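Structure record follows, encoded as structure tokens.
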């Protein structure tokens, strides 16, 4: 009854169901009684009329459970529906004095607000019309696909769609160019450059499958048609895109984290544990990418999430977001630690804040610094010229006190130490910048997707606020007017933008590393003078 009260009974498409259900509810709630016992109950025809007129409407709102079973007992009574002439609601077809009003004639379907007409709807034959999987329809009018974006203003979503497709294409090109450069130029593949090659490969595959909707309205894989959302059960393309996107995203993330740890070990600890263990690292990367992905596919977990197909809300947290956090968050932490350690080292005196055999060995017997090689994306540095102990000219006749001499030496050592740190940062800036950029992208992206997954993992068509929002739309309310019913239950539009920030990773790969390889391409093509 609450459903019918939310809907406008004057709408022609709803009127037969409203009338039939009110009659059924009245007869069922107030049977005919005599001497404290039930005498007459509703006719079976009254019950069947509800089934005929209301199945579509109730199913659309997830209320199929309240459709009566006309072959069973009357609700609340141990008595079946009656077929006798004394049943409640009986109309004698032989009695010409009783005029049964004809059913309302079929009326053209007019869809309110953002709803669009379902081409399968036939107002003169409602018995065979039931919304199919992936649709949200009522009275012949359906929500456009994808449903998630109908909560927001269409103009804003269209703008976001154009930006998303454009960035996906640019990122696919950038990551693909960088990967191909590593493949063609052997000197670039030397450790740790090969890590960036695998990272770029993951980015290229991921962004290429994000970009396959280019040229469409943005929903080529996410929607079967204008009103039907795609998942792997009704769209093979959706299943393929979801599988490849998930596997490549996890693969990309694994190698990015490995790159971050390698950078940290070489800059801070002067250690290298990856170069001799690539078979083991490769095995881990493939397992990390495929095990959650295959598990998701085996449990029918791929479905549209807007512009693309990925995990549905029920699989998102356990199969994708948590694995991403397990591998990605340590990379974020280690990158932050690396940056802080370098800043502290730059500002500290030689010999302070050293960790084991870390960056400065000014007190070592050899007098050499461990900054000679960064080993991260650059050639070995040249040794620094000796720094004089004093920058002030010696004045004859004046002798320094021991404390003055020590201060001058410390100043010279400090300058030499800072120069070595600066040289290291100069050689490793590309690696540091890319790691910092990924941290800036990944942390808000992961956090926002975790929050969004919690919003939607238990969302059903029967959720009260969803019913209220859909009722508002079905009765002609605009998206702005009906948004108040959804506000607080869905991410804001700005949060939705953050959740798509990962589409820029390939562009950063190109800007930081790919641009540096343009000269190699010029030389290969004979264009370099």
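Even glycines carry a Cβ here, placed using N, Cα and C.
No curator has checked TrEMBL annotations; they are predicted automatically.
Bear in mind that the values here come from a model prediction, so they are computed numbers and not experimental data.
As written in TrEMBL, here are the features:
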{"type": "COMPBIAS", "residues": "354-372", "note": "compositional bias 'Polar residues'"}
{"type": "COMPBIAS", "residues": "392-404", "note": "compositional bias 'Polar residues'"}
{"type": "REGION", "residues": "352-406", "note": "region 'Disordered'"}
{"type": "TRANSMEM", "residues": "162-185", "note": "transmembrane segment"}
{"type": "TRANSMEM", "residues": "197-219", "note": "transmembrane segment"}
{"type": "TRANSMEM", "residues": "239-265", "note": "transmembrane segment"}
{"type": "TRANSMEM", "residues": "277-297", "note": "transmembrane segment"}
{"type": "TRANSMEM", "residues": "317-344", "note": "transmembrane segment"}
{"type": "TRANSMEM", "residues": "429-447", "note": "transmembrane segment"}
{"type": "TRANSMEM", "residues": "497-518", "note": "transmembrane segment"}
Residue numbers, six or more beyond the limits of the transmembrane segment (239-265), whose CB comes under 8 Å of its CB atoms: 192, 195-196, 198-199, 201-203, 205-206, 209-210, 212, 221, 231-232, 271-274, 281, 284-286, 288-290, 292-293, 296-297, 301-303, 308-311, 320, 323-324, 327-328, 330-331, 334-335, 337-338, 376, 428, 431-432, 434-435, 438, 442, 502, 505
Touch test for the transmembrane segment (497-518) and the transmembrane segment (162-185), at least 3 Cβ pairs under 8 Å: yes
Intrachain residues whose Cβ lies under 8 Å of the transmembrane segment (277-297), provided they are six or more past its termini: 194, 198, 232, 239, 242-243, 246-248, 250-251, 254-255, 258, 311, 315, 319-320, 323, 327
Beyond the flanks of the transmembrane segment (317-344) by at least 6 residues, Cβ under 8 Å: 246, 249-250, 253-254, 256-257, 260-261, 263-264, 267-268, 288, 292, 295-296, 301, 310-311, 353, 355, 421, 424-425, 432, 435-436, 438-439, 442-443, 446, 449-450, 453-454, 457
